[in-house]
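Structure record follows, encoded as structure tokens.
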Amino acid sequence: MAGGQPEREDKVSLELTDEILQSMEVGMTFRDYNGRISSMDFHKSSNYLVTAGDDESIRLYDVANATCLKTINSKKYGVDLVSFTSHPLTVIYSSKNGWDESLRLLSLHDNKYLRYFKGHHDRVVSLSLCPRKEYFISGSLDRTVLLWDQRADKCQGLLRVQGRPAAAYDDQGLVFAIAFGGCVRMFDARKYEKGPFDIFSVGGDMSDANVVKFSTDGRLVLLTTSDGHIHILDSFRGTLLLTYNVKPVSSNSTLEASFSPEGMYVISGSGDGSVYAWSVRSGKEVASWMSSQAEPPVIKWAPGSLMFVTGSSELSFWIPDLSKLSAYVGRK
């Protein structure tokens, strides 16, 4: 796998197609987790992946060489959500201990806390870092979304929500979306205090928002909900383009989904642990992989790469099986 993995700077040389997606299978698995993986993130411009686990560990992987570089334990606070900052060895993570809902800025280089961000009073369920500046947003079951600057302990802004919030910046860091209560609200990141400049309905699905994400080009936004719906909207017009349906998830689980790098496909988990791939163009299911796991996996597409990663009680790297592709070529 190490030899075949392109450098992150390279563009995807093989264009993603239905056939390539259908050929994808697990190329590498790490099974040394004592519990489920609760979150993971790819660094945008390096080959690093970070994971957070119920075993209170934060792990750093070199994706190009398929190796675990470092394991850091957060026994005191636990760890739930984790995201890279712009620096590949610095992360922000949320606690999972029930008594301290602070977020922490942690250096993986020397395992030092650089800053604590105190403000939430219940579990943080959404975390998104601004790609452009040192800002980030966090959404909590305390029904607030807080806006932060990595250089300051106190939050820079507060938005109240009705229900469990999902929040995300677009890839330019100019806009962020907050979803709850059957709607996606769009904010100008520089003038968020004026309220949303647009509110998009997802067609009567009032179940809890789980994750919201923009495609790389910013044209599409996806929202997953606890009832097992994955809604795809036009982020400019607000039109609901497609809804994919999977098994519902429990209130303490999260239904994750991820756009492929060019935004033409969506991969998702499901309440029964399965993984699905969908075409944005046709709206149809392209591939599915059943699982013995009974909970939805965390799932992320690697930036600019023909690979996605799933996390359950183990971490799996999915890559195309090129021998299957040659069979397709022979068939045509």
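For all residues, glycine too, the Cβ spot is worked out from N, Cα and C.
Curation does not apply to TrEMBL; its annotations are automatic.
It should be emphasised that the depicted structure is a prediction, and the values quoted were computed from it without experimental measurement.
Annotation comment: TrEMBL describes 30-71, 117-149, 258-288 as repeat 'WD'.
Residues in the repeat 'WD' (258-288) partition by DSSP class (helix H, G, I; strand E, B; coil) as 0 helix, 15 strand, 16 coil. Using DSSP to sort the residues of the repeat 'WD' (30-71) gives these counts of helix, strand and coil: 0 helix, 24 strand, 18 coil. Across the repeat 'WD' (117-149), DSSP assigns 0 helix, 19 strand, 14 coil.
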